[in-house]
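Quick look at what TrEMBL annotates:
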- B:86-261: domain 'FAD-binding PCMH-type' (DOMAIN)
- B:138-144, B:193-196, B:245-251: FAD binding site (BINDING)
- B:ARG296: site 'Important for enzyme activity' (SITE)
- B:ARG392: substrate binding site (BINDING)
- B:TYR455: active site, proton donor/acceptor (ACT_SITE)
Amino acid sequence: MASEAVYSHRDPMLKKRDDFEDILEERRNSSDLRYALKCYTPVLYKGLTPCKVSELKQMVLQSDQLGYVITQVSKEKGMTTDEVTGEAAAILEEMAQRLQLSTVRFFAFTLSKVFKTLFRSICVNEEGLQRLQQAIHNHPVVLLPSHRSYMDFLLMSYILRTAKSLTPKLGLLNIVMDPFLKGEVFDISLVPVSISYERTLEEALYARELLGVPKPKESTSGLFKARKILSEDYGSIHVYFGQPVSVRSLAESRVNRSQFNLIPRHIPTRPSEEILSFVNDSAYRLVRAQEENMVLKPWVLLAFVLLQKQATEDKPGTALDELTEQAVWLRDLSRHYGAFLHWPEEIYNSFSFLRNMFSNEFILCPGATVQDFEEACYLLVKTGALQINQQEVLITERGHRTLAFLTSVLDPFLQGYQVVCRFLCEEQGTLKLNKVMLNSLEDTLGGKLPTQKSVVAHL
Amino acid sequence: MKWNGWGYSDSKFLYNKKGQAEFTGKRYRLSGMIIPGLREWMESTFGANLQHKTPAAPILNSSAVQPPTLNEAFLKELKSTGIPFSHDAEDRVFRSHGKAEKSLLMSTKQSSMFFADCHNDVVKIVELACKHNVCLMPYGGGTSVSSALECPPEETRSIVSLDTSQMLNESGYCTGHEPDSMEFSSLGGWVATRASGMKKNIYGNIEDLVVHIKMVTPQGVIEKSCQGPRMSTGPDVHHFIMGSEGTLGVVTEVTMKIRPMPEYQKYGSVVFPNFEMGVACLREVARQRCAPASIRLMDNEQFKFGHALKPQVSSIFTSFLDGLKKFYITKFKGFDPNRLCVATLLFEGDREKVLQHEKQVYDIAAKFGGLAAGEDNGQRGYMLTFVIAYLRDLGMDYYVIGESFETSVPWDRVLDICRNVKARIVRECKDKGVQFPPLSTCRVTQTYDAGACVYFYFAFNYRGLSDPVHVYEQVEHAAREEILANGGSLSHHHGVGKLRKEWMRETISSVGMGMLKSVKDYVDPNNIFGNRNLL
């Protein structure tokens, strides 16, 4: 008999998520070199005693934990402890960080250029980044990025310019939680990072893999050797830094930490059933947390629709209208199911575009786009012409008359521009104008033309 | 003596008309002195404000005290023996609790008290209590901080307090046993709670000092037949008695080792750049088995606290010297004032040996970045531990509630436990809505071969909380959980009482509990000694 509800009915649509900012936009508007050379002042863990890499390596090599394992291995394999220590030192050399700011700056520069070519935007939730910085200051942080592309590693290092990323495999998660369970740190913050792609660089590789063609050895250099990639459009990437999860709060009332009281902590032991089950559950929760913040862009839903069509119908191809309608239906369904959609804001974008275009026709204060938009919405709602609910903007019954009137007022202006555009497209097909053309244009229209600059800008 | 606070009635901290802190009375070195730094320290540490004074505690109202449950037959027989007794409300309230924070806010249930003067008095009282089924609660110095002296609420029989304070009769020589509660605690109490003293490095803890014990139990009197220094005569029955916390009987006579008074005594202090180095130094001192009579390392917060308790200096020269020392340590040697910590030392013994010993210890300290900081600071450190309990009472006047607790822990866990427990206290207070961050501090007070004793203080400003006592209990509980989760013991020397009963089974295992229960069942089957401590 179920004594309590297993599922609590919370409307997934009500889940609040942070806004995104496109970090490439800034890169497009300023110097990459300046960016790469800017001052590096990372947030540090408050309990950190800074030390050199060589000191760190020494500490590891001389630690009790490693000493114990070296003794065991040398017994088992019949080698001397010096030999085993040598092996350990070699592994450490390979693993250890070699943080050199010059390398970081080099990548900051080159990756900026590459990303700008490959992607339309890389959107990051700034609030999430700030939460991350706060967490870094208070507790050791472990990043758990989703892993769907080789690009993940580059992205993580590009955005954060900090430690290596970690894939959430259970063994690794066990190791990561160990210091907390043994009382060596007060708490650990696990930050799920959801990286959503519209199109991955290695899509062809994936496709071949699915068909049975063996995968070539993984290497990020291999990626970039295929230079023709640079001329392709890979759409946008969304990187969402989720809410940090405290390992202490996960473990409370699930793990009895006193189990480590009676044995020396540096001796590696099999984790108990209790701990294995705890880590397993935590891993699932964390992957779910990652998934919840994966972003769906229009292209992704379109792909869904196309694939389904492919499966059910024989004839290839679908009418654009039908496709659009299906996509919109799917979008609304997904929204109700709590999907994290990133849909272009059509209305505002159109408004913004038109406003720019008409900036010489009407008195429009520069920089007041948002205010004007909101004022317009407010007035239209006030006069009952529009109905705005959470997800949609609807035209009311009596709104039709108002809107028809307003659109007919703007129509002549719009037509003027349409004529100019049609003329330019037919005549030249390029954006360059010369005086001769302008004169002939003037004659055709028989009226005053908007200035040269604005026409160029808005075509 | 105060009934609702620590120590003597004439000695207390208060803020005088000028708003300066003062310590009244004449008994202590600090008595009658102005402490200029204390006010600022209290204000910045707790957000306390001299304007915000808690309403004065009610004067003990005899009629407000619960009337006693009297066992007439018992009383009649006992009166005929001529042993002094009292039914006074004041006497009863005074003996119905110890000095744990919440104890001071509780009511009383005892019906009467009897003042035993000697072993035979106790024998008579215990016999009669068994005959009439009266609950007996031995009372020594009343300094328990584990709710051991509180009357169990579920006890329905008449409760009689057996006050042994008239039995103490120390003379001349020193035992060297100096717990912080020394002015008030009793020998019987030390035995009953497995007490530990400040100078145990030279003289040992109570289990090392005791040679012979005589105890009156409902089954009769227990005592060994000889005073050999060490015996292999089965499991040592003294260890049933030590730590029994008043559940088995009354300790009436104890034979203890004494030592000649030391020829020479010298205090000292060492400043370390940070707590980690200080602990490493103490570890090395323990490893080389060259610990002085006492060595205590306090963390940065306690160092600042100690600084705030400096009395006003009378001479300009002294304050100039102080300034010079401060400059030397912080600017010249580069110690960070927010990370440095201090160890106080006490050496005792023959003059020559003391000086050699001192050199050895300071040399070790130097290897860990320690700087000698003078005798004065050391001496003041020790003097302060006697008056700190009075400070808690001052805090209560200004909405500050606080407590200390202790543990023992193996060397490899010392740093982690200190950090984690202090952080846990801060987090719990924050979660429970305490407005101002709490004082959360610790010190390493004793060193052993296999570990150390760590003493924690925590205090917070409870203004704005609807149920401060509840919050306080939760924080204390969480702190103890954190201690246990980090490999610390349930108690080094305060004992279990009723306060820590819930963790006994996990501490000694079910078999261990069974062992203790069977001893209790045999020695006191009718639970005459019904204070319900431990089990």
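Cβ coordinates come from backbone N, Cα and C, glycine included.
In TrEMBL, annotation is done automatically, which means it is predicted and not curated.
When each of the recorded positions B:PRO138, B:SER144, B:ALA195, B:TYR455 is scored by how many other Cβ atoms sit within 10 Å of its Cβ, B:TYR455 comes out lowest. In the three-state DSSP reading, B:ARG392 (substrate binding site) counts as helix. Per Cα geometry, B:TYR455 is the residue among the recorded positions B:PRO138, B:SER144, B:ALA195, B:ARG392, B:TYR455 nearest to B:ARG296 (site 'Important for enzyme activity'). Set side by side, the recorded positions B:ARG296, B:ARG392 differ in how many other CB atoms lie within 10 angstroms of their CB, and the most is found at B:ARG296.
All protein chains considered, the CB of B:GLY249 (FAD binding site) has 26 other CB atoms within 10 Å. Compared over the binding-site residues B:GLY141, B:GLY246, the count of CB atoms lying within 10 A of a residue's CB peaks at B:GLY246. Spacing of B:PRO138 (FAD binding site) relative to B:ARG392 (substrate binding site) is 26 Å (Cα to Cα, whole number). Between B:GLY249 (FAD binding site) and the residue listed as 'active site, proton donor/acceptor', the C-alpha separation comes to 30 Å. Geometry remark: B:ALA195 (FAD binding site) versus the residue listed as 'active site, proton donor/acceptor', CA distance 15 Å.
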